[in-house]
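K.L.:
Here it is: the structure, laid out below.
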Amino acid sequence: MLRSDDLLARSLAAVWHPCTQMKHHEALPLVPIVGGEGAWLIDADGRRLLDGISSWWVNLFGHCNPRINAALKDQLDTLEHVMLAGFTHPPVVELSERLAALTGHRLGHAFYASDGASATEIALKMSVHYWRNHGEAGKNRFLSLAGSYHGETVGALAVTDVALFRDAYAALVRGGGTVPCPDARLAADGEPAAEVARRAAAALEAHLDAHHAETAALIVEPLVQGAAGMVMYDAEYLRLARALCDRYRVHLIADEIAVGCGRTGTFFAWEQAAAPGAGTAGGWPDFLCLSKGISGGYLPLSLVLSSDDIYQAFYDEHTARAFLHSHSYTGNPLACRAALATLDIFTADGVIEANRSRARLLGDAVRARFADHRAVRHLRQCGMIAAFDVAGAPPDFARRFFAAALEQGVLLRPIGDTVYFMPPYIVDADDIDRLADGAAAALAAALA
Ligand SMILES: *Cc1c(COP(=O)(O)O)cnc(C)c1O
């Protein structure tokens, strides 16, 4: 029998936990998880925790999902791994074909890695190398939105506008340009979010007009900036940004690491901005990055989908014109098989459609408890993400709320003063009520 005190002490001694000031664990205990079942995590004392944030936004169909488990067990007895340079295998081929089809074959070439930050770096490198292969090596700078988050490796930090993650490494990071975010919260009273989007696009236009000659790509998180605190904006910005990038010959990278895989109500968030037949690749981005949910939350898998125009710029007799990037586990068969099982569930269960009513339940539950709360500001929702900001929150609000939510048996982890819900796509009405009730109790405790 596992003794939980023992496990916590051993973890603190031997494991350096991510995104954590380890000293804070002197006051806030780690949560020892020994099992998972559907939307629930089970701790070492048998306590159950409802996973309201999909275990950092990765889990789509619950923990220990029987269908994904079965696919992985089968794959485990067939082929666990083979290098992808010079070799191929059925799961990576099928996954690439199915993702290409989901973009309407506009982004038909899939390049694989393991973590989201690697996908960001691949897209950045591909963009610069594309321009170099076209004789425009001067186009090598990047542009991102205020508050952007695209990962934390040194290259990805160059397009991540989160001071807390970036400042300590400023000496290592080659900063890019930052343009205003079309954050819908910036709307004046009665002003539609699309108007904020048009203003932000005007600023983008001014920047591109001055800097397009040295700019390789603009990178955006379509519709929702996750790590910034679930900042939501109108799809009009994406349409305008696409047109401007076409006009100024700048690539557009859609980082759908968090918002892809159905999170915003469509499989790709970009679908809500795509105008059939317009511009480059029918109004789609040049690159689209996926990770997090694509493997159902099972295994590290990330990928970059790119257009034929991008792919062709590397297709040549000369090795140096090729994209010579690799990771040891690129295209791992187990991870790809988990992704195939995940896509199977989307189809078999009509998940995008079913999530419409699930998202309505989530919105209703959150509005019912928080719309009139004196401390709640900017209650907002995009598909299976709901969020609000808390006015007058104490400096340690996020940790206090998190700890109070745990007491209620729900896993919710605010970003700064923003409380958000991002549950897996299997929560039912009872689960949603439990999450919202837990949040209401946690908010009261954190503000007390
Ligand atoms: C999480 C995230 C990343 C980084 O992914 P990792 O797997 O954590 O490296 C990049 N972009 C966005 C939008 C993300 O939410």
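Numbers run from 1 along the shown chain.
Placed from the backbone N, Cα and C atoms, the Cβ positions cover glycine too.
Curation does not apply to TrEMBL; its annotations are automatic.
Pulled these features from TrEMBL for this protein:
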type    : residues                               : note
BINDING : TRP56, TYR149, LYS292, SER326, ARG413  : substrate binding site
BINDING : GLY116, ALA117, ASP255, HIS327, SER328 : pyridoxal 5'-phosphate binding site
MOD_RES : LYS292                                 : N6-(pyridoxal phosphate)lysine
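Map these features onto the structure and tell me what's around them.
P.N.:
When Cβ atoms from all protein chains are considered, those within 10 Å of LYS292 (substrate binding site) total 26, not counting its own. According to DSSP, LYS292 (substrate binding site) is assigned to a helical segment.
Counting every protein chain shown, 28 other Cβ atoms lie within 10 Å of the Cβ of GLY116 (pyridoxal 5'-phosphate binding site).
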K.L.:
Report, in whole Å, the straight Cα-to-Cα distance of LYS292 (substrate binding site) from HIS327 (pyridoxal 5'-phosphate binding site).
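P.N.:
Cα of HIS327 (pyridoxal 5'-phosphate binding site) to Cα of LYS292 (substrate binding site) measures 17 Å after rounding.
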K.L.:
Neighbour count, 10 Å Cβ-Cβ cut-off, for SER328 (pyridoxal 5'-phosphate binding site): what number do you get?
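P.N.:
Excluding its own Cβ, SER328 (pyridoxal 5'-phosphate binding site) sees 9 Cβ atoms within 10 Å.
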K.L.:
Cα distance, SER328 (pyridoxal 5'-phosphate binding site) to LYS292 (substrate binding site), nearest Å?
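P.N.:
Distance (Cα to Cα, whole Å): 19 Å.
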K.L.:
Give me the CA-CA distance between SER328 (pyridoxal 5'-phosphate binding site) and TRP56 (substrate binding site), in Å, as a whole number.
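P.N.:
Here the two Cα atoms lie 24 Å apart.
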